[in-house]
Amino acid sequence: MSAAKSEVVDPSTQTTGTLKIENTEKRDTLQATEKKYQKQWQDSKVFEANAPSCAEYPPDSISPEGLHSKKPKFFGTMAYPYVNGTPHLGHAFTITKIEFAARVARGQGKQVLYPQGYHCTGMPIKACADKLVREVADFSQSFENCPEEIEIDGDMTGADAPVPAPTQAQTKSDVTKFSNVKKGKAALKTVKTKYQFQVMLAIGVPREEIHKFADSDHWLRYFPQLWQKHLTEFGASVDWRRSFITTDRNPYYDSFVRWQMRKLKDLNRIRFGKRYTVYSPKDQQACLDHDRASGEGVNVQEYTALKCKVKTWSPVAEKELEGKLPAGASVYMVPATLRPETMYGQSNMFLSPKITYGVFKVTDTDYYFVTDRAARNMAFQGIFPKWGEFSKVASIKGSDVIGTLINAPLSQLGEIYIVPMDTIKEGKGTGVVTSVPSDSPDDFIMHRDLMKKPEFYNIKAEWVPKEILPLIETPSYGKLTAQFLVEKLKINSPKDAKQLAEAKDEAYKEGFYKGVMIYGEFSGKPVQEAKELVREALIKSGDAFAYAEPDGQVISRSGDECVAAHLDQWFLTYGAADEEWKDEVLAHVAGEDGQNFNSFTEETKHALQRTLQWMNQWAVSRQFGLGTRLPWDESQLVESLSDSTIYMAYYTVAHFLHSDIYGKTQGLGKIEPTQMTDETWEYIFGIGEEPKSDISKETLENMRREFTYWYPLDVRISGKDLINNHLIFFLYIHQAIWGKKAPQYLPKGIRMNGHAMLNGEKMSKSTGNFLTLDDAVAKFGADATRVALADGGDGVEDANFEETVANSTILKLYELRKWIEEVVFEARLLKQSETFTAVRDAEKIRNADIIQREGAKGFWDELFENEMNILVAETVQHYAATHYKSALKSGYYDFTSARDSYRVSTSSASLGMHHDCVRRYIELQSQMIAVIAPHWADYIWQEVLKKPSTVQTVPFPTVPLAIPALTAASSYIHSTSSSIGSAEGSQTKRVAKGKNVTYDPKKDKKLTIFVASSWPSWQQKYIDLVRDSLDGLSLDIKKVQPKIDKKDMKKAMPFVQALKRRLDNGERGEEVFERKLAFEEEKVLREMISGLKVTVTKLKEVEIVVVEDGKEGLPPAAAQAEPGSPSFEFVNV
């Protein structure tokens, strides 16, 4: 292999654009601790959770709800990954949302189940394995005979992105290369490779191992173990006993899916019949989301195809078609329309002069004029004589057909001319477009342009009718919707694409939802009703037929452009096929069924509701790939999205069934796969009676207890890309299985997150801006990586992993750990007769923080403890709300800042920190950060604080309520210190700019702080006036203004308006009017003096002057002081 070729597929080159770490000593120290605690957690099985036993709580003695009350639980999952590669930071971001949630639940004192399975169902693995079979045959087992160089393409990925089942993206360029292309800004870009073996090299598979992947089963053995390894090294708190792979390679999961399919069929949720589906002619099977290289989320769009018989060809077309059609043949132009109700107003037919069309044989006498693409779609819809064949008798340019006269069914004109339209797209519809200028803005603007400039378009003026027939009346736009909108939006040309798109959308919505027919057979009927009536009439008369196509390009994993096929198939009756089922799911999402569903954000709730409204029938089977056989038709496989809907229930009993992920070794229950009958599954899952089974009653009860205890699922974590399929199916199938019999087991919540960027840019192997989870943990360590991921964000918008954050976290965690070790292990406790300063100076102590007091606590100690209590309460609240970035701020960044302020304050006051406060800080800090940086926290908890067991299962601390006086004093200290610092900074800037200053900030100086003992009398006067003028809680300024003295007007009016704003904002009257401070301001300022002398440069003296109302002889600055808001001035000394 050439050097260039090796470099491209070398995984190390994919991170060349990321941060380089030079000195790794501190990181290595932290990583050694991480490995130690990961082993400890594994050995102690700390994350293995079991339901309360039936021996302790017999099933007939307590209900599941009662057991939840006695033993609160949390059960959360994320979409299991597709095992065609290893996790990258995009996966890691989603993983943190369930990982953090699980640790928070433990902190809340709950039993926690966080399992992890692996998805293997579908085409990707099989397609790639088959590629490797061919490549081994062509290039040898070591691929040295490959002659090709590798292409670089920034828009294409290698195997970097194993997709979480059932999908990870909207479109992919080549599924067998496992791209992870996201919509919009989240799109990932990687390295494009031509051969599958090159993809394997790019993801780090050793060359000598690659040939083994020609066996699809090898993928199932290789990647799941890497996922477990990488998640373990990340510190994920997973119960690994419950892991499994999908497909019939695991006979227990195979039995589970077969039961599910039979159950849904019995419930009439799976039916058989003809329906349109996206179909791959090459693969000869339906091509669903997970089977696609590109076009994920694209559905089938149904049209009404109109048969417009050619009456007279244009001279050029007649000559071009001479001898290619039999005598007497009928050729039909076939426009495809979504608005059959508007066909009464056809004025022309549009063709693109740039497109080459085809004439296709339907019968010996009938032919259709459409694009090749449309004909290919029709060939799989029973429109042409033979399935999959479309016989083309002639090709002709659209420009040659302009001027042809055709018959237009329903048109008041009867016969209309073909005219040009350049904006027609060959990839949508049939390429033939009927013009209805009354209701289509595109048609209206083109119609007007053709009338104005017939010579420019090389047509005859008489081909375009002057009058436009009104068809539909709407309340907003009258009888000519298109004209109204074109004029309103000032559209001047057919090239005004943006405005035309807006107008088209508005015209369709207004016409469909509010329009009434004013012409034709169904005049007087609402458009919503007339639309289908006109379609049925056209088809019944033979003037139209049903036609469908994918609403966008879809490329299968085999590289085939897919079509819409009308097939006999098994399908799930999502959407309009079963309105009752859809309404039940919508009610659950809306929280109308009493189950308190939590969508966490309004964006998620609205996205779920929108998708449920348009989601329609879904094919349940395919013929190619890996998976479970459809129980009643073994020639079919259950498709990969449909075997992944309720597997969360399987987690609850997986460890009873098998002790390895493949189901080769029996689990706790010593059960054979054949013993898992449908009746057994239903009993275990709380919807059936006790079955006749040779599984022991005790085992059955224990399995049922596992399910009834852990269910319902408390939260489903997912990237937002799964909103268009998996998350909807997850809700639908839970509703079908449990909705009527046991609605208490319906999902409790879905939490969606955005995608992840790296260093503010899309992840891309081609630019080197790419990190796998393994790369990140090796580079920064697990805890620093987790901190950076938590810092990335929590909403449904895309998040950002900043390597600088991860890198700086290494230093912060290391230094904080070192400080904690010193203040604990080297603590120098002051004796009763000793002072901080004396000990510090006499013993020449390097780190004065180790000098600590005992005994009674003082002002700064109480202030620090109060601030810690506030931050703990805030952090626990943020964690409960899944606001991890906010929790990181209050529970780590703000916590260390509070410590720093305490250190400076007590040191400046020559007191030193209080020993109990130091210990409490360390204990609380380790608990607050244990969710996000668990290894670091456990080290501090066990090895520094010498706690007997892990912090991972310790409940969050309960702290006293904040003391208002201390809270107010703390806020006062921060704001006053900030004001003094800002004033000092302002003077320094003025000096630097050569401006005049009242003192030189670089020289010794004195600070005078002016403290007001009372509010100015004039303010109290107007407070009393406002209080007397209040009408309830409202204040009419117009009534107050005449009562204000003219001499006070300038200062009194802003003051009164400020009081009104506070009242209008909902503050209580007593809070607004009784302006007493909760603390002694002068006392607090005196406590601050020593600290100010340390933090303000060259500050030698601090004087506090109490300002009393009416006191004279004070500098101007004194007049600005108010209670709680001191003023000050500096002078040089």
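A Cβ is built for glycine as well, from the same backbone N, Cα and C atoms used for every other residue.
Look at TrEMBL and you will find 22-37 tagged as compositional bias 'Basic and acidic residues'. Only residues 6 or more beyond the boundaries of the compositional bias 'Basic and acidic residues' (22-37), in the same chain, are considered here, and those with a CB under 8 A from a CB of the stretch are 233, 235, 780-784, 810-811, 813-814, 817, 934-936, 938-939.
Per TrEMBL, the feature domain 'Aminoacyl-tRNA synthetase class Ia' maps to 69-132 (among others).
Annotation source TrEMBL lists domain 'Aminoacyl-tRNA synthetase class Ia' at 218-801 (among others). In the predicted structure, the domain 'Aminoacyl-tRNA synthetase class Ia' (218-801) carries a mean pLDDT of 94.
The annotation domain 'Methionyl/Valyl/Leucyl/Isoleucyl-tRNA synthetase anticodon-binding' is assigned in TrEMBL to 862-982. DSSP assignment over the domain 'Methionyl/Valyl/Leucyl/Isoleucyl-tRNA synthetase anticodon-binding' (862-982) gives 92 helix, 2 strand, 27 coil.
Taken from TrEMBL, the feature domain 'Leucine--tRNA ligase RagD-binding' covers 1011-1074.
According to TrEMBL, the region 'Disordered' annotation covers 1-41.
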### Query
Mind checking how the domain 'Leucine--tRNA ligase RagD-binding' (1011-1074) divides into helix, strand and coil residues in DSSP?
44 helix, 4 strand, 16 coil
### Query
Within the domain 'Aminoacyl-tRNA synthetase class Ia' (69-132), how many residues are helix, strand or coil going by DSSP?
30 helix, 15 strand, 19 coil
